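Reading through the structure tokens given below for one structure.
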């Protein structure tokens, strides 16, 4: 297979979503410290600073960050999807890779953005609906095949959420540097509803436990991969297959043990989550400093998460990061850290390429093989037909053949004297003709 690449450099798209303050946070006496200022700016107020200190107020209390887009509690699920993810769909069915991942502390609303609920579906179902609508719109000219896989990274171990009994899976890197997961279940699908049913099935297997910060805290990173293969319906010896992959990632939330009141197993899980997110943060730092330069080394091998997101962060992918924070003053440190990493991620550049598999060599080779086999079949058919005819002659005309000097050929006529004209005529038999040709 020959891989053709159409390269273009793009920056990560970084969006911020500020969830509504909760009743529990208000009961704890928390105040709102995160404010959306226009479509691209957020201001974070440091609650530890004295609000009455006028001299320092503008210098240190307000932390201002700029993003590609900022959403507050007034935004709808549809608006978030249209602004961040909708424009990735056309690229995926045309052979480009795309990634959308939700980032932020536990309880900040990441799973709600990605999965949503029945009345307010999230990015998963909206993206899949648009994906299959786009496929349907071009299905007269193109053939498509769609498949999906769903996995989680829990305590630095990869589990297949569609087949949990398969055991732990390993990451492998192929000759082109792309990450593969041998043995993972990949299911062919024909519509968005099938994928959502599989997603629901997989989510029941996902590791979730309540903490003080979040009653349904995701204790693992979940990765949904949808693969779309496109080829033209027109038959051509130089056929090309476009392969696009869409990754949708719901990351586990970073957390503080004091905030979540974790102990024992929960604390160990939190340590693994924080370690993988720290590795992700380190990669973001290195890539943002790198600014697209190929000279600086970026260590993706510190965790399974960063290895899996290698292409999404610094390789072949159009990538959208949706950062999430709580507006509550009790989450100031988590919000500040999230905003810093998200702001740095804006400087990351990926090199997008369309994946075209050229299968012309295989088609030509198979055509030649088929032609050779057809010729051989015709030859064998003729040979069998001749053998059947000869067997028929032996059984029906054996005596006549023996009386003619041992030749059993039904076409033997030899010399026949015609009574009327007394004229001798010679007819060739098949045996004689074969002997003559051999000479």
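Cβ coordinates come from backbone N, Cα and C, glycine included.
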Region 'Disordered' per TrEMBL sits at which of 162-181, 182-201, 202-221?
-> 202-221
Students should find that the coiled coil stretch in TrEMBL, chosen from 363-397, 398-432, is 363-397
Please classify the secondary structure at residue 107 (ATP binding site) using three-state DSSP.
-> coil
104, 107: which of these binding-site residues has the highest Cβ count within 10 Å of its own Cβ?
-> 104
Count of other CB atoms lying within 10 Å of the CB belonging to residue 111 (ATP binding site) | 24
In the structure shown, which of the binding-site residues 105, 109 has the fewest other Cβ atoms within 10 Å?
-> 109
Within 10 Å of the Cβ of residue 108 (ATP binding site), how many other Cβ atoms can you find? Include all protein chains, please.
-> 27
